[in-house]
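S.K.: Submitted below is the structure of interest, expressed as structure tokens.
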Amino acid sequence: MKLLREAGIADETLVIVTSDHSHTLTISGYPDIGNNILGVADTSKVDGVPYTTLGYANSGKANYHYTAVNGTVVREDPSKVDTTSWDYGHQAAVLQNENTHGGNDVFIYATGPFAHLFHRIHEQNYIAVVMRYASRLGEFSPATSSSSSSSSILSSVILLFAAQLIYLL
């Protein structure tokens, strides 16, 4: 956004931020307002052990906090360690070699012209349709705007992609 503002085209450039998948990370329980998102949320009514606000359905060894005691699986007490540490892996229900993709819907954040077209749950291909529509490309090229407006929008799209490539290098 800084680059777009400096170029003077932020108001005429559609910026879309999204992802192509989710992960199995969840927010559990009803932590108090102001509770650290990395902290302990509450205590389980089943095993009496506190649990963290964040948890995974599956993940790697760093997220597996269970031990066997006298033939019973016991969940480690996260209140006895620093769950806000960079090295702490939040609890996972199932041990895998790594966390897998989830099936949750992902957010679409947008600003600029035609951002209002993102207003609810959309299929992934809809994002490309909105990008073509906003850029007046493909089936939307004979739009009713002037050619100078179309070239300005296309220039903004190209600049945004170029800026992203430069950032990745």
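The backbone N, Cα and C atoms fix where each Cβ goes, and this holds for glycine too.
In TrEMBL, annotation is done automatically, which means it is predicted and not curated.
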S.K.: Looking at TrEMBL, D20, H21 are annotated for Zn(2+). Which of H65, H90, H101 sits in that same site?
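M.R.: Between H65, H90, H101, TrEMBL records just one in the Zn(2+) site with D20, H21, namely H101.
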S.K.: List, in sequence order, the same-chain residues at least six positions removed whose CB sits under 8 Å from that of D20 (Zn(2+) binding site)?
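M.R.: Counting only residues 6 or more apart in sequence, the Cβ neighbours of D20 (Zn(2+) binding site) under 8 Å are V106, Q124.
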